[in-house]
Ligand SMILES: Nc1ncnc2c1ncn2[C@@H]1O[C@H](COP(=O)(O)OP(=O)(O)OP(=O)(O)O)[C@@H](O)[C@H]1O
Ligand SMILES: [Mg+2]
């Protein structure tokens, strides 16, 4: 596998690097902690000194949200220019500009702040906890409450909660790719390393934010929050909750518009000055045009759509941990899912015991029960609970001496028991292949019986035993030389709604693949029942493929069986490399790694804590159908965002270009700077209703990807269409109405506002508007309302101070004709445009820091005190 590690290994200079050079005893001493008791002294003092174990804050803050609105240099320039113009006597215009700017900023701020509040509310629902030893007691605490000196345990699938010096490990491996770029997990021990050792080789430490890929460990916290290695990286990165991938895509769109604005405004400025017009007027006018072009409200539209989406999903009992997860859902091309507990009920029912020797069926079950982790029907896994529920009457006369718990690598559980007659027996229960591999003299009928059960789609475990001398200690090396006793068969049928849910996902263009620890024939059986493909690869097949071969195999494989937790994660990683958005749906400890690795990890309410902790989205109800709803919601938001973008690039840019052009041949400004800004404010207001709009089926049927080339083409076709009608308006105003400056500006203000606002009703769909695709009521009301405000404004008392004058009624008649003509022409343009539009798959803007951001979100507090 490839190592993406930086070429020059960086020797970290943090607390964890120091601790890596100390032995475990000195570390404990340095932290003033007794390994058997944990932190006892002054916890509050430790917390006050170290600060919360957080690298980011999710508090909705007023000032930064306001700062975002004011950050645009355009706005600054505009205000400066307005102040200058006020100073030289243009009081009225400057005051109007000031008012409109304040209103626009307020609008953007209000929306952004509301979305931040929603993001904070989501965060507040989610808690990541860890178990620590304090005062000699094990207790669960929020990860943000960890302090240096705390003793914590980590196990498969956990995110390491702080920088730890390891005191004890069993087969511990950590995936540190988020910090080092190294995709192969690092093997951990408790030894020391020399000073100056690079980060990737600190084997005696586990680093905050990395994921336990195998085994387990116990360690002492040596650094928290910003003082950790992870903190050093994440704190520098802006982990703002609203920084979503939409925004990343939008950035390239904003850059496109910025270029248009720069070119237009420079041209306007240069030509106006060359024509001898007053410099200040020209500056104000071109700045207003630039403001008119820039989509200031876009971030607010996106974040408030996401916030509304999260509310809608929570009504469907889908919990998204962060707002971004919704757009990630909309972006999914491939869903990888485990089988047990997600596609199936996950509550297996014991069917029968099949002896393979002379035992009676109830004896086989009895042997199996001796090697289960549950003794009273709780704990253990679902299969164990099913066996326990079928326990034969009468108490067991054997005594359990030792137990080796189940793990997903061995796929075995073993117990050492002493039977009534005093013999000691090792009992091993587990995946049939794993058990039979360790058996001697397997009767020939077993394979046949097993194949029959598998073919019926039943879950099967095999039970085997071996007599050992008394005083024996049980280890995994005892799992050999066994005699098979029989098979225990259970059924775990698919959920009622699984087939429906999967076909809805297929309708959304999502490919579903099953990735399970269960046997291939069982997985295939379930997949057939659910209408999924049945081409299989097993864990053993995967082991001989390198990543490129696996990438090629992925295209044709729909079931992965008998795979380990690491295999699951590898399949996710390789699938992501092929470009699409990858979701992983799983509920077990064995799914946690894959959940961490996916673009969006999904879990269910009944899942294990590790899986729920690793997931971004949790389905709180058993109903899998909500998954398709989540995807649709994500895509709907995307589709609506695109509407705003298309509107901005067609009519709006067209109008601004017309204004720029007109200023060149008219003897006066075609619209006053303050009027342009007012026009822009009204237009923006109407767009705030876009998030409520419906999306057509065909629009949500494809994964939501950004396509800047498409947007550019759209602009080049529909921008000029808009300018064409502006030109017609100019002609009518000048030649028919013989308009002076004030009348001209008023007439054009009303026309341009009407065309650029109403165009959304046409471009919101590829179909025939209204008739074939109905817009949402709020959108219609907002669009029509804003046009009405624009139309009556010249007749109100405000008109004078805004530089407007009442228009003759006949002009309104002409205007109606123009608007209708314009919208019809847009329809013709749409038909032609979409007929020739290429179906090229768009490049997906990927946030290179997405895993870092996601990991950082779990170390987030409302108030982060600065140390
Ligand atoms: N309690 C158990 N005792 C013995 N063997 C078990 C037990 N639980 C599971 N197994 C065996 O180990 C195999 C793998 O289990 P694992 O939990 O990794 O995957 P799974 O739950 O079957 O599948 P999925 O990945 O779809 O959830 C099972 O198919 C079964 O044969
Ligand atoms: Mg499972």
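Cβ coordinates are placed from backbone N, Cα and C, and glycine is handled just like the others.
All annotation found in TrEMBL is predicted automatically rather than curated by experts.
Summarising the annotation, TrEMBL assigns domain 'Cation-transporting P-type ATPase N-terminal' to 18-90.
The feature transmembrane segment is assigned by TrEMBL to 70-88 (among others).
The transmembrane segment annotation in TrEMBL covers 94-110 (among others).
Residues or ranges marked as transmembrane segment by TrEMBL: 255-276 (among others).
Annotation comment: TrEMBL describes 282-307 (among others) as transmembrane segment.
Annotation comment: TrEMBL describes 714-740 (among others) as transmembrane segment. Note on the transmembrane segment (714-740): residues 256, 646, 649-651, 653-655, 657-658, 661-662, 670, 747-748, 751-752, 755-756, 759, 763, 808, 811, 814-815, 818, 821-822, 825-826, 829, 833 of its chain, located 6 or more positions outside it, place their CB under 8 angstroms from a CB of the stretch.
The feature transmembrane segment is assigned by TrEMBL to 746-765 (among others).
Annotation comment: TrEMBL describes 777-797 (among others) as transmembrane segment.
Long-range Cβ contacts of the transmembrane segment (809-829) within its own chain (Cβ-Cβ under 8 Å, at least 6 residues beyond either end) map to 717-718, 721-722, 724-725, 728-729, 732-733, 736-737, 747, 750-751, 754-755, 758-759, 761-763, 768-769, 791. Among the features that TrEMBL reports, transmembrane segment is placed at 809-829 (among others).
Taken residue by residue, the domain 'Cation-transporting P-type ATPase N-terminal' (18-90) breaks down under DSSP into 43 helix, 5 strand, 25 coil. Using a Cβ-Cβ cut-off under 8 Å and counting only residues 6 or more beyond its ends in the same chain, the transmembrane segment (282-307) has close neighbours at 68-69, 72, 74-75, 77-78, 81-82, 85, 93, 97, 104, 107-108, 111-112, 114-116, 118-119, 242, 244, 246-247, 250, 253-254, 257-258, 260-262, 264-266, 268-269, 272-273, 323-324, 326-327, 637, 640-641, 644-645, 648, 652-653, 655-656, 659-660, 663, 669, 672-674, 676-677, 679-680, 684, 687-688, 690-691.
Ranked by the number of CB pairs under 8 Å to the transmembrane segment (746-765), the listed stretches 94-110, 255-276, 777-797 are led by 777-797. Only residues 6 or more beyond the boundaries of the transmembrane segment (255-276), in the same chain, are considered here, and those with a CB under 8 A from a CB of the stretch are 74, 282-283, 285-287, 289-290, 293-295, 648-649, 653, 656-657, 660, 663-664, 708, 711-712, 715.
Away from its own ends, the transmembrane segment (94-110) comes close to residues 65-66, 68-70, 75, 78-79, 82-83, 85-86, 284, 288, 296-297, 299-300, 673-674, 677-678, 680-681, 684-685, 688, 801-803 of its chain (Cβ-Cβ under 8 Å, at least six residues beyond either end).
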